[in-house]
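Read through the structure below, which is laid out as structure tokens, and then see the notes.
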Amino acid sequence: MTKYVFVTGGVVSSLGKGIAAASLAAILESRGLKVTLLKLDPYINVDPGTMSPFQHGEVFVTEDGAETDLDLGHYERFISTKMRKANNFTTGQIYESVIRKERRGDYLGKTVQVIPHITNEIQAFIERGAASATCGEPDVAIVEIGGTVGDIESLPFLEAARQMSLRLGRNSACFVHLTLVPFIATAGELKTKPTQHSVQKLREIGISPHVLLCRADRPIPDDESKKISLFSNVPEDAVISVWDVDSIYKIPQMLHDQGLDRLICEELRLDPQPADLRMWAALVEKLQNPKHEVTIGMVGKYVDLTESYKSLIEALRHASIHTSTKVNIEYINSEELETNGTASLAHLDAVLVPGGFGRRGTEGKIAAVRYAREAKVPYLGICLGMQLAVIEFARDVVGLKQANSTEFDPNTPERVVALITEWYDREGKVEKRTEDSDLGGTMRLGSQRCPIKPGTLAEAIYGKDVNERHRHRYEVNNRFVPQLEAGGLVISARTPSEDLPEMMELPSTMHPWFVGVQFHPEFTSTPRDGHPLFKSFVQAALACQQTRAGAKA
């Protein structure tokens, strides 16, 4: 039978519940347990797919094509279990499901209320999500409840968790509460009162946490831990200090050293093997002792909120680990390139243009593509970054001066990138969309396997085929591919059913390393293995740096 760990947060948001939950999962998995994680989001949106990156940060795409919270990316990076659509749900999905049942008459004319109907539906979603785990029936399901205790939006989820714990019985569920212990510089001390009040608020709704994770910018002294224990009614050994570190991959060891996994296993009556965190220690060792160093420019329009590129940043960090190369990421606002030109790119060892939507800043990104191509600097374009690379090549090499995407200019006569109106989903069913379709759920989403053209750089990186996740509406227009190929561009991978370009590159005679991909490889990168595309990209950046150094010498 699956046991449950509910992770809640207090005082403020963005304390790192996702990292804490993922780290606990990593420790439990290292002890031989099968673990899955779920994220419950209290907003009314059905999913984050149509939310602004400035509001929500990154949208993480699962293998089965769900647009989910970025915390699911952390989950996949920390444990071996893959996430699915069922691992993330929102208030919007819960209410949508309940209203649909009410319309069908499932409630037999009863008054539909938050309790019991909404809370029962939340419990059903939790148990369904745990049961659908890719690892088989999990020993432990860790359920992260989004938001902050005290928020009105989170109340139905907390009430559902309380009811579920009661229903499952003793030693079947436990609660971990993450809270803030701020340091007041003017007073020169840590303050525990916010934590005391947060736990009090949690207890008011019937939940007594078994463990407190106390976030601070420094380790919490024993006397402060004793005070927290006294006023929150949590045993002193269950008041765990979680301080700021320079790498999230240090967190599993930090939590294990303070006995978090022991406390959880004791409460849930689990007796697994001892934890083996040698892999995490080795990763941290490699991360902190690089042999080389490169600077990669990430050109985008969401650079003021790096959470928008969370998986991409982590993928570069994983490549850093596996190439013994420290990767410095320089965030470059593409709109500034439109105004000031590309001189600010001259010191970079490589250029990366990530995915994105909308017209704003695209000409600055195209300028960055042009710079990378002409200066022979390694270039990686992801999703929109590939489309813009094709547009730049069409304009500046092939001579299609009005080449553009219909996303930015619906009336362009040279539609090098356009909306595809019909395609096959992962199950082989035909999906259709138009310019007037809803934004939500009308993209090519999820994993797709594609064969790779022999003799290409793509084959050297991936092998015979590539299986990556997608999130896009627009595609490179096959009508212009013959002209692009005549100019030297290579389409190195295509979808097997629609024959749509999935990867493009420039031959070595034109550029040492220039690759565009329509998919999002960052979603499948893990610290354990890295990712072949990002490792190759970092190695190319290092080679570029060494070539420059040799030329100067």
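Including glycine, each Cβ sits where the backbone N, Cα and C put it.
Cross-referencing Asp47, Asp64, Asp69, Asp71 with the ATP binding residues that Swiss-Prot gives (Ser14, Leu15, Gly16, Lys17, Gly18, Ile19) picks out Asp71. Among Arg449, Arg469, Arg473, only Arg473 appears in Swiss-Prot as part of the L-glutamine site alongside Gly356, Leu384, Gly385, Met386, Gln387, Glu407. Reported as a whole number, the C-alpha separation between Lys191 (CTP binding site) and Glu522 (active site) equals 39 Å.
Neighbour counts of Cβ atoms within 10 Å were compared for the recorded positions Leu15, Cys383, and the top value is held by Cys383. Reduced to three states, the DSSP call for Lys191 (CTP binding site) is coil. Note: the Cα of Cys383 (active site, nucleophile) and the Cα of Ser13 (CTP binding site) are spaced 31 Å from each other. Between the binding-site residues Gly18, Pro194, Gly356, Gly385, the minimum number of other C-beta atoms within 10 Å of a residue's C-beta occurs at Pro194. Using the Cβ center of Gly356, Leu384, Gly385, Met386, Gln387, Glu407, Arg473 for L-glutamine, the list of other same-chain residues with Cβ within 8 Å runs, in sequence order, Gly355, Phe357, Cys383, Leu388, Ser405, Val417, His472, Tyr474. Excluding Ser14, Leu15, Gly16, Lys17, Gly18, Ile19, Asp71 themselves, the residues of that chain whose CB lies within 8 A of the CB mean position for the ATP site are, in sequence, Gly9, Ala20, Ala21, His74, Glu144, Leu178. Annotated pair Ile19 (ATP binding site) and Lys227 (CTP binding site), C-alpha to C-alpha distance, rounded: 26 Å.
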